[in-house]
Amino acid sequence: MPAARPPAAGLRGISLFLALLLGSPAAALERDALPEGDASPLGPYLLPSGAPERGSPGKEHPEERVVTAPPSSSQSAEVLGELVLDGTAPSAHHDIPALSPLLPEEARPKHALPPKKKLPSLKQVNSARKQLRPKATSAATVQRAGSQPASQGLDLLSSSTEKPGPPGDPDPIVASEEASEVPLWLDRKESAVPTTPAPLQISPFTSQPYVAHTLPQRPEPGEPGPDMAQEAPQEDTSPMALMDKGENELTGSASEESQETTTSTIITTTVITTEQAPALCSVSFSNPEGYIDSSDYPLLPLNNFLECTYNVTVYTGYGVELQVKSVNLSDGELLSIRGVDGPTLTVLANQTLLVEGQVIRSPTNTISVYFRTFQDDGLGTFQLHYQAFMLSCNFPRRPDSGDVTVMDLHSGGVAHFHCHLGYELQGAKMLTCINASKPHWSSQEPICSAPCGGAVHNATIGRVLSPSYPENTNGSQFCIWTIEAPEGQKLHLHFERLLLHDKDRMTVHSGQTNKSALLYDSLQTESVPFEGLLSEGNTIRIEFTSDQARAASTFNIRFEAFEKGHCYEPYIQNGNFTTSDPTYNIGTIVEFTCDPGHSLEQGPAIIECINVRDPYWNDTEPLCRAMCGGELSAVAGVVLSPNWPEPYVEGEDCIWKIHVGEEKRIFLDIQFLNLSNSDILTIYDGDEVMPHILGQYLGNSGPQKLYSSTPDLTIQFHSDPAGLIFGKGQGFIMNYIEVSRNDSCSDLPEIQNGWKTTSHTELVRGARITYQCDPGYDIVGSDTLTCQWDLSWSSDPPFCEKIMYCTDPGEVDHSTRLISDPVLLVGTTIQYTCNPGFVLEGSSLLTCYSRETGTPIWTSRLPHCVSEESLACDNPGLPENGYQILYKRLYLPGESLTFMCYEGFELMGEVTIRCILGQPSHWNGPLPVCKVNQDSFEHALEVAEAAAETSLEGGNMALAIFIPVLIISLLLGGAYIYITRCRYYSNLRLPLMYSHPYSQITVETEFDNPIYETGETREYEVSI
């Protein structure tokens, strides 16, 4: 039975409550904000339990009921008010179908109606109105309800503060999880002024939620919410929960329902805002040249930041050179240029060092540019130009006490190593530069070590050095060197250095055994024989004994063989000499000079060969040593640490004063600096030690470049007296040169086989000089040099190297190739072979050859492989009265076809024709013709005539036989006819010769079987 109708006062209260709820100003504002014609339905909410939707099983959601409000909240309120006043609210005890929206057909929300749904009657509406008792519902339940299909009905409990989303709005939580998949170049205007509540965003950077007065969008029907499995919160502040709290009061008694009250509801909702994940973009380049421009990255989404990575990868063996065309970044933006070496990233430059015109080169074939910005507007801009350049191996490390000769640093180049006199090479004598993403040498650089002992036969010149101590030595050594010169020659030993420990011993014998004459014993004399030792014969034996754990003793003994009656060849370290007689005969004069940075000491600059009977030099060779201090006034010079190349001694205090022209200044280039932490090198700007210091260094340091402001420069070096305790360094090398006094960089020289261009008329700071090479040459080094703030160039000038390789001609379709050298150096050959079914057009062998001008090229163009059918010659056919040998339909170029004629015919034309390659291919001659052979014809005629005569004779004989036979046959036939036709008139009556008196009987046989039925008529004579 339907419930009793409530009093009029209760109805008026409920109508006022619904008018406030459904017709609030907020709802009106949201309704006005919608575009014209927007029929977006209101969000779904729940009906009381016990009212499942018609047509759907009630077991799935027994406590849920989802209806959808029509677009106009005011219209819904008016209609519902009329229903309530009429007392026709729907009942909760009956199946309540969805209310049809009171809108025109074209303005209705685009939701499919469930089948067989009918409009509710006024009685049902009134019954449902009286049973409106919201029940407490958890947030999870609300989300589950949002996942149910919404019907086209009036949402009786729709909140006026909620702005519904259009049909098909995605689940906000799911949308947030898929935020990273949004296109990076999304128009920022789309998110500038949101017309719908912001969806729930979930990202790795989630901040704490705050309370706002906006409801989140409902999820898409059919998609479960992410919080379905979560427990319901302790207190729910949703509109449904606020109404559920008063359910018992609303249903308590009829008297309470009849009271005339006005209810106001405050609805608060919670929106979780999150920090957006970064918008990522990645661009890859593989062209040999191009630009990286800030316009390549997408527009920045609102309230977000952008991360872009630009990767440039070129062919193996080439690097990437970046040149800064323009850079204008905002504060907080990051622009980093990184070298990529496998998994390792090396920062080559960043935004603090990037200036226009700067050049950065990658060490491998890949370079990466990383850009990051947090700006909402005013993004920084940059433009970089990139181009490929040929990578090269690093210059191989020169072995200590050795040298290296490099033929080419590019791929395929070789480096040859050799050791100085007295040292032996340990390792490969030759290394090859291997082509790779980062070119490298084929193996580690070798080292040079001094051996412990050895034998030298047919000696001419050499050294005996203190042996190198390996790491696993036990400290004791006993070394024997035997030096044997050719017969008739003598040996001279020159002690360039001899420092023996107290317990170490050295002996020198003039012979092969230690029983020979003793020339020197370190235990018997304390002086060093700097004048040298001469052998009595052609052999010298040197013995060295040491018990030290490390190489406490050092010595350097030079030996040379010379003819008897001549002086030995002199020698000076760190210097040179000139001689009047290269055979060093009696009267020869030798003059010595020292290398820059060294001075002569311990001997004269000139010596002479004297004594005819036993020639010798009138004095010992001098020594060239790096001095401690001095005054230098040359235009250019060298300053070395004391005792260079040997380590400096402790307790040194040296001062060098350099002076150049009055209108000039000094450029000082510190090329090598290796000091201990207690040793100090100070550079002063001026002619005396004063506070104006250009630089002060200790320990290890890289190359330094300094300029003086005056024509004078002072260098002071102090080594710690306690150097044996704290250790000491190897020393330093400094070059200086006189330069003009101005505010510009020094001019750079021209390069051979190339030219240079200058960006400014004056080489001021920021000016650039660009070098280029002539055709056929590659530039080695940086092609663009920039004048830096300290008036020095960014790098050394490059040089042009002749190109000795060809570019790869490429692959040929349908073929394979065999390359003799993967580097494609001059002389490399490439052999192309076509696959089966294809024929090669062009030369199969290409060779790289060098030209006087221009780059090396290949001997011919790249061939092509074409199918056999496209090049084959068709069969020309058969000549009349002839045939072919080995008949085929198609003939490849180069194949031949042979013709033959039948007997009696003669072939006119080429017996064999050949298929000639062409476009199209053709035969080298026409089809031959088979003509009758005249000799054969006459012979055949004679044979025919002879055959005719023979046949005539045979015919005559046949006639002679045939005529009598014919006559006899005629006679017999006539007799037979006479007997058979004329027997009735004969008087001779013979048995069985007369016909019977009965007529002849004609019998026609019939057979039922059609197979045996012949249809013939047979005659039989019957005698009775």
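In case you wondered, yes, glycine gets a Cβ from its N, Cα and C as well.
Taken from Swiss-Prot as is:
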- Ser49: O-linked glycosylation site (CARBOHYD)
- 138-162: compositional bias 'Polar residues' (COMPBIAS)
- 281-389: domain 'CUB 1' (DOMAIN)
- Asn311: N-linked glycosylation site (CARBOHYD)
- Asn328: N-linked glycosylation site (CARBOHYD)
- Asn350: N-linked glycosylation site (CARBOHYD)
- Asn435: N-linked glycosylation site (CARBOHYD)
- Asn458: N-linked glycosylation site (CARBOHYD)
- Asn474: N-linked glycosylation site (CARBOHYD)
- Asn514: N-linked glycosylation site (CARBOHYD)
- Asn576: N-linked glycosylation site (CARBOHYD)
- Asn618: N-linked glycosylation site (CARBOHYD)
- Asn674: N-linked glycosylation site (CARBOHYD)
- Asn742: N-linked glycosylation site (CARBOHYD)
- 743-802: domain 'Sushi 3' (DOMAIN)
- 804-867: domain 'Sushi 4' (DOMAIN)
- 871-932: domain 'Sushi 5' (DOMAIN)
- 959-979: transmembrane segment (TRANSMEM)
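Helix first, then strand, then coil: DSSP counts for the domain 'Sushi 5' (871-932) stand at 1 helix, 29 strand, 32 coil. Across the glycosylation sites listed here (Asn350, Asn435, Asn618), the residue whose Cβ sits among the most other Cβ atoms within 10 Å is Asn435. For Asn350 (N-linked glycosylation site), the nearest neighbour among the listed glycosylation sites (Asn328, Asn576, Asn674), judged by C-alpha distance, is Asn328. The predicted model assigns the domain 'Sushi 4' (804-867) a mean pLDDT of 88. When the alpha carbons of Asn742 (N-linked glycosylation site) and Asn311 (N-linked glycosylation site) are compared, the span between them is 43 angstrom. In this structure the C-alpha atoms belonging to Asn576 (N-linked glycosylation site) and Asn311 (N-linked glycosylation site) are separated by 55 Å.
Put simply, Asn435 is the one of the glycosylation sites Asn311, Asn435, Asn458, Asn618 whose Cα lies nearest to the Cα of Asn674 (N-linked glycosylation site). In the three-state DSSP assignment, the secondary structure recorded for Asn435 (N-linked glycosylation site) is coil. All chains included, 11 other C-beta atoms sit within 10 angstroms of the C-beta of Asn458 (N-linked glycosylation site). Counted within 10 Å of its Cβ, the other Cβ atoms near Asn514 (N-linked glycosylation site) come to 11, all protein chains included. In this structure, the CA atom of Asn435 (N-linked glycosylation site) is 21 Å away from the CA atom of Asn311 (N-linked glycosylation site).
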